[in-house]
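The block underneath contains the structure these notes are about, expressed in structure tokens.
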Amino acid sequence: MKSRREKLLIPALTLDLSPSSQSPCLLSPGSPCSPCSPSLGLQPWSCRSGNRKSLVVGTPSPTLSRPLSPLSVPTAGNSPLDSPRNFSAAAAISFPFARRADGRRWSLASLPSSGYGTNTPSSTVSSSSSSRERLHQLPFQPTADELRFLSKHFRSSESVVDEDGGRSPRLRPRSRSLSPGRTSGTFDNEIVMMNHVYRERFPKATAQMEGRLQDFLAAFAPGDRLALADGVLGFIHHQIVELARDCLAKSGEALVTSRYFLEMQDKLERLLQDAHERSDSAEVGFIVQLVRKLLIIISRPARLLECLEFDPEEFYHLLEAAEGQAREDQGVKTDLPRYIIRQLGLAKDPLEEIQPLNDLDESQPPAPGSPESRGLGGPSRRKPCESDFETIKLISNGAYGAVYLVRHRDTRQRFAIKKINKQNLILRNQIQQVFVERDILTFAENPFVVGMFCSFETRRHLCMVMEYVEGGDCATLLKNMGPLPVDMARMYFAETVLALEYLHNYGIVHRDLKPDNLLITSLGHIKLTDFGLSKIGLMSMATNLYEGHIEKDAREFVDKQVCGTPEYIAPEVIFRQGYGKPVDWWAMGVILYEFLVGCVPFFGDTPEELFGQVVSDEIMWPEGDEALPLDAQDLITRLLRQSPMDRLGTGGTHEVKQHPFFLALDWAGLLRHKAEFVPQLEAEDDTSYFDTRSERYRHLGSEDDETNDEESSTEIPQFSSCSHRFSKVYSSSEFLAVQPTPTFAERSFSEDREDGWGQSLGDRGRRLSADLRLRSWTPASSCQPSSCQTDRGPSPSLLSTISLDVMPKFAFSSEDEGASSGPADPQKPVFILGEPDPPPPTTPVTPKPCNLSADTAVLSHARLRSNSTGARHSTPRPLDAGRGRRLGGSRDPGPEKPRASPGGSGGRVPKSASVSALSLIITADDGSGGPLMSPLSPRSLSSNPSSRDSSPSRDPSPVCGSLRPPIVIHSSGKKYGFSLRAIRVYMGDSDVYTVHHVVWSVEEGSPAQEAGLRAGDLITHINGESVLGLVHMDVVELLLKSGNKISLRTTALENTSIKVGPARKNVAKGRMARRSKRSRRRETQDRRKSLFKRISKPSSVLHTSRSFSSGLQHSLSSSESLPGSPTHSLSPSPTTPCRSPAPDAPTDTASPPNVSPSSSSPASPATGHTRPSSLHGLAAKLGPPRHKSGRRKSTSSIPPSPLACPPVPTPPPRSPSPLPGHIPIPARSPRLRRGQSADKLGLGTSERLDGDGGRRARGAEAELVVMRRLHLSERRDSFKKQEAVQEVSFDEEPGPPRGVPKIAVQGAEATPGTPGHARKD
């Protein structure tokens, strides 16, 4: 019977019958001698074996008619030289294996060492030698003995003893066999076997690839280099690095295969295609080079594994399918192999790739920044800026900033602009996270994810322009509507699942899923937003579906801090274990429960209690009429599994989509489904569906006022970007095409002129700033920053005053500092991110006492502006005059005393002394003040602004004493070579003290000693930030965040008014002087609310905001402080005038209510306004059970967790409630009464006065603690993204000091009795 190929007259194989060939040769595109290389066309080849005959196809199937390799066939006496002329399927099935010692396969290594498919004249001899070895496949499943033999066989260079005692091979002038047989064994076994052979045969290739991948990751990791300006390219950069990291991990685990490399190449090509299609930036060239470099790194191992894993059977299957498809579609009748080779891209003209290189000068895009690149693509289009948008109204406030509704001035299109405070980001080391959020929002193109159009920066804010979603968020909907109907909850949940599926496919873990971040569109559909805590991991790959991959993916990220919102945090995050995509599915389970029930399943009065319920408690289900459907209950139960391995969704989104709860849901038609709730907008600018949260966050004042302080003008490079969708919308806009892009200095000084600066000063500053920028971007600037100082012309202090281009001196991480400490690359632009630090002085510079230094006078105009309220500070006239002379070029070193206002009630108080020096002139009987009004005088008990203030350059005060230049310590490791100690400095004979830090010892030969640091000096500033009044833990934190470079300002103790004395006996009665700041403009009662909650005893309930972050160290919260450590302030906050409790100071009756700095005793003042405090430090493990204070609980609803306390003014003090003190609470039930809104649920809770606070009021004839419960809606805010504001002002009548009980808090504070106590007179 003739075969199908003979009927079609199409040869199955092309045989080489040319006269130059001694025998016919099989030509297959997959064989080593096939024309796999473009340099080989269809030309005569030399044969592989001089004795091998041609193959005659006699069976219908090509896969059964061809052996897997040139094996010896059990015919004609088992001769290895016989041709399988009579080969059949039956013979192939019953084919016996040869002896174990002969278990070799035909070798690809018979080719020359350089490659694959290279034809050489010696191939005939090599093939003859290969044929004489009677090569066979390896056994089906090798035993342990066989594996040992194979290991010896592949590793040894000696010949193996045959079973008959002979040596096999006797003559082997080439390398050994590469691979075992391709049998139908299990997939995992084949991968292990193949990688074993690969690593044994090619150890250098493996080591070379892993080494290059490590260098690749070290050089191009996103955190170690300047971020890309384009958000899409930034996200692609993240993914390329993640692919390289995953390849390195797979190689170390011996899990790489040719299929893995093939998919990796496909992913890289897709990312490169996205870069070309969705970005117009010149930075695409960087992505192209990055992809090309990674492909070169993996090319050699990929080719080797492809040769090792070549499967003829699979290839013939594909070949047969290609033949049939070609016959059906295109009617190919002749020369089928040539067609297949052409379709596979194996016969390309090699000149095709070289041809574009001839026109390189014409076709290649010019380098970024060149004049040619500016004119590329038509008229130049500048990036958007703040002036392009007009603000309509506030949408919502947040921890780091606010969201506003804006309108584009040219197109009149509405957007939502998110303004994030720069200083808050810098002080919390969150700059990189903002770039991640920008990249995700820019790259994401999904109907259920909010998209971003552009980003830019102003002097004080980073701005992201996003699409405006009109319908508010689901949290507000739950607050107003109560539990949602099942169908409505199903649709919202399903649309969120689709958004999550899209994000997870690109390796994005949201980490902060909650109803607040689910926005409702004008058509009633869901859009996911707020990626401020998100992580970018590895995108989904089919080859990662191996055994154990789920467990590895569930531990993809490991953080040293707990991030998220307490009620939605998964157990693995609480335990500080590795986490991954399953944390989002846990949050989805909590969200669905909240949708259907109306409250979260886990709650508590403290974070510890809440987390204890999360990791241990059972879920409470509603009963009776409010019972949930069984399928919904089952879905929630499976989503809230404690183990991430057992959680629904861990194996993929399809697990959730296939649940019976969505049985009747059309996943493909969700957007076409009519929503039950459609927002009804009264006007275009209607934002009534949003909660502004103005009672919790006060950003309004700071948004309106722009001051002249240089520290607020920090430029974060590469943040401004324009997405592809924005480019398409405004590509034809003349407004964006014509106007030039203002520089950062121009934007800054235009705002300065609006604030009242002179025109001449602005012009001069702009010229200086432009000159500084030009010098900074010169490629030839390869000197150290300190050595470049003299080449800049003006003095550093003048540049720091006028130029707004420089980066302020903050405590950056080590990787941020490391980039600027070493010499710059002369071939790359030099990015000067900070003012150059002067070299360590050889001789100490000691100005005359009572004189203002040049730095003090120059920086005097840089007024502190609060990031929370933005009240404007005034500038004393003498300092303004001095500033004007110095800006004009005069450097008169003569003494100059500022005119301070009299110490009356109407006089202004200087803001702080954190820049120039630390004024310690405290006199107990100085009640009227003097010409040198000190911040620590009895008129103003104010140590300094917040320890996390937005500006390290604060207002100077007149100082008597010497202030040394900054001491810059460079350390190659983590050791600076000095130790410090916290001391108490008492004010006069009172029990009020502040905490200072002195250098306790300096090691010999250490970097600190070389920099000029001396033991016994008082530390005033660390990296430009004042440490006056900071607790020891915060000072250590500032040091640890500095990396390998730290800048200290110190002064000798003998130059201050601090007198060292014996330790006090009654140290428990001491009270800390608390930090406070005064408001600049509005001093009404509502702007002077106290921001500290009250607690009755150390074990009482800790009220915190719902959003907090926990690091490795334990930070003190507002109610946990040592007797010797002041409670610290964590962020810039509105200032409050406060008075001194010194015995001689008169009582100010107009001051705010009395608030004790760390009130823990029943006798301390207790009334005041409450505001959310920050739980910045959470114990690394859950501590022992805390004793709850007696509080009456509501029986009508579930007690919400007080994790966010809005600063609503508390009612005036009144008598204790006559209601019974302790009402036993019944069994906890999560049911909420549907007819009762969240406002009603919280009604009356703010007026409960009994419990612990009530007992205090009745028993001690003291103040009254007002504890209030929180509404359910007030418990939703991010852990990490919150305004950590803590400040207090108190005014206390003269009287005996009250004791402060000790609270056990971990830390290294100076304890009572140590020789670190001092007294200030």
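Positions of Cβ are set from backbone N, Cα and C atoms, glycine also.
These numbers come from a predicted model, not from an experiment.
Site annotation (Swiss-Prot): ATP is bound by ILE395, SER396, ASN397, GLY398, ALA399, TYR400, GLY401, ALA402, VAL403, and the candidate from LYS383, LYS418 recorded at this site is LYS418. For the residues SER455, SER616, SER732, SER1026, the entry in Swiss-Prot flags phosphoserine at a single position: SER732. Checking SER49, SER750, SER940, SER1076 against Swiss-Prot, you find phosphoserine recorded for SER750.
Looking at 686-708, 778-800, the range tied to region 'Disordered' in Swiss-Prot is 778-800. Scan Swiss-Prot for phosphoserine across SER928, SER1174, SER1237 and the hit is SER1237.
In Swiss-Prot, the annotation phosphoserine falls on SER159, out of SER46, SER159, SER279. When SER721, SER972, SER1001, SER1289 are compared with the annotations in Swiss-Prot, the one labelled phosphoserine turns out to be SER1289.
Cβ contacts within 10 Å of ASN397 (ATP binding site), excluding its own Cβ and spanning all protein chains shown: 19. Of all Cβ atoms in the shown protein chains, 26 besides its own fall within 10 Å of the Cβ of ALA399 (ATP binding site). Residues ILE395, SER396, ASN397, GLY398, ALA399, TYR400, GLY401, ALA402, VAL403, LYS418 are recorded as binding ATP; their most distant pair of Cα atoms lies 14 Å apart. Cβ neighbours within 10 Å of VAL403 (ATP binding site), excluding its own Cβ and spanning all shown chains: 24. Over all protein chains present, the Cβ of GLY401 (ATP binding site) has 27 other Cβ atoms lying within 10 Å.
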